[in-house]
Amino acid sequence: MSKKLHIKTWGCQMNEYDSSKMADLLDEYQGYTLTEEAEEADVLLLNTCSIREKAQEKVFHQLGRWKTLKDKNPNLIIGVGGCVASQEGKAIKDRAQCVDLIFGPQTLHRLPEMIEQIQQGGKAVIDVSFPEIEKFDRLPEPRAEGPSAFVSIMEGCSKYCSFCVVPYTRGEEVSRPVDDVILEIAQLAEQGVREVNLLGQNVNAYRGATHDDDICTFAELLRYVAAIDGIDRIRFTTSHPIEFTQDIIDVYEDTPELVSFLHLPVQSGSDLILTQMKRGHMAIEYKSIIRRLRKARPDIQISSDFIVGFPGESKQDFADTMKLIEDVQFDHSFSFIYSARPGTPASDLPDDVSLDEKKERLAILQDRITQQAMRYSRQMLGTVQRILVEGPSVKNPMELRGRTENNRVVNFEADPKHIGSFVDVEIVDVFTNSLRGKFIRGEDEMDLRRDLRPSDILAKHKKDDDLGVTQFIP
């Protein structure tokens, strides 16, 4: 009987990416297959996130439920990974004796050895170190799971915003070598991937080493990826305003594969609050970036992150945030009520905005952005949009579901043969969370660009390197 693995994931897209790599790793090296049912599993892994309030308590509640499974099956292995594990490693083990292994985001590649150690009767393992980019060197080849894929290009963040735990849980910024990134994307393209989403806590800080000891910037990486045949859409998340430089904006002007949609977190529209947050920029500088982006790509749509009720946020500070939202006309947001994260500088500030006031401000902000998003959706009525078809519609499996460049879900009727490819549809109806389309044409009637075949890239990858180093030489 095959060994079963169950992974529960909380948090950002980077965590989703990490969880997929854990599954690939344990499948390749130890033969574990994924199961949706925790009761069936031989190994349970919890990939945690420390961004939201009471993250630690959420972890212990989940571990309490899993403990009942371990009481029935003493051989069950329970592991905790992610940012809460990195931050609270020993405390987790002290409080939850059922946990066998604790690992951080940078040590997930060591999971096979950790599990083997436990199976051989070893003590509980705690490894939350920061071995820089080592984890990427030991992961198996990527496996496509549809036409869209996430590819991590860097880890960590060195900005140290006063409210954020990421530098403490994922370490400082470390970029993957550009050869490794291009090779992974080429492998995915060979498997039918058409869209890549480049991941990192701060992707525009990317500075990847090249084969000749030079440095590849994020703007250069975007152009390399755009040249790969079959990759017709590029997204990235997340970026920071202070490193959104002109060379990146220039890519929007001449690289159509880069989508007309950008998630650029601002957090607040108040200069006072931005200073308290240690964001490193003012509201006018953020708006300057947006103006230059819209000059390069007039139809680009912007989403952002907002924190309401940050310590010291006055009614005027919140009004400044609402003014920024109106000026920029954001299309979407991830917005949260402020709650202190242990160990961050902001946790020492007096939390002087009442919970009721925070809730009211959040509701006002979200309502405004929802109105703006609906206005953008209505403007799409009657237009023809290029859709990447992801699979059957969630609500009606007889229909197909795809995504526009500006990240809207479109449901429409068409032949299932179009799954995994691009189609053009006319937008005929608008709903709060989706659009309805009418099929116009398939990919065989489009003139899609062909530059550099993935097989050409893979052919340049010398698999028998004596040093065990992989290289892609453009």
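In case you wondered, yes, glycine gets a Cβ from its N, Cα and C as well.
Going by Swiss-Prot, these are the annotated features:
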- 3-120: domain 'MTTase N-terminal' (DOMAIN)
- CYS12, CYS49, CYS83: [4Fe-4S] cluster 1 binding site (BINDING)
- 143-375: domain 'Radical SAM core' (DOMAIN)
- CYS157, CYS161, CYS164: [4Fe-4S] cluster 2 binding site (BINDING)
- 378-441: domain 'TRAM' (DOMAIN)
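Other than CYS157, CYS161, CYS164, the residues of this chain whose Cβ falls within 8 Å of the Cβ centroid of the [4Fe-4S] cluster 2 site are, in sequence order, LYS159, TYR160, PHE163, VAL165, VAL166, PRO167, GLN201. In sequence order, TRP10, GLY11, MET14, ASN15, THR48, SER50, ILE51, GLY82, THR169 are the residues of the same chain, not among CYS12, CYS49, CYS83, whose CB sits within 8 A of the CB centroid for the [4Fe-4S] cluster 1 site. Under the DSSP three-state reduction, CYS164 ([4Fe-4S] cluster 2 binding site) is assigned to coil, being neither helix nor strand.
For CYS161 ([4Fe-4S] cluster 2 binding site), the same-chain residues lying six or more positions away in sequence with a CB closer than 8 A to its CB are GLN267, MET277, LYS278, ARG279.
Listed in sequence order, CYS49, ILE51 are the same-chain residues at least 6 apart in sequence whose CB falls under 8 Å from the CB of CYS12 ([4Fe-4S] cluster 1 binding site).
Counting residues per DSSP class in helix, strand and coil order gives 65 helix, 24 strand, 29 coil for the domain 'MTTase N-terminal' (3-120). Around CYS157 ([4Fe-4S] cluster 2 binding site), a 10 Å sphere centred on its CB holds 23 further CB atoms from the protein chains shown. The sparsest Cβ neighbourhood within 10 Å, among the listed binding-site residues (CYS49, CYS83, CYS164), is found at CYS49. Spacing of CYS83 ([4Fe-4S] cluster 1 binding site) relative to CYS164 ([4Fe-4S] cluster 2 binding site) is 12 Å (Cα to Cα, whole number).
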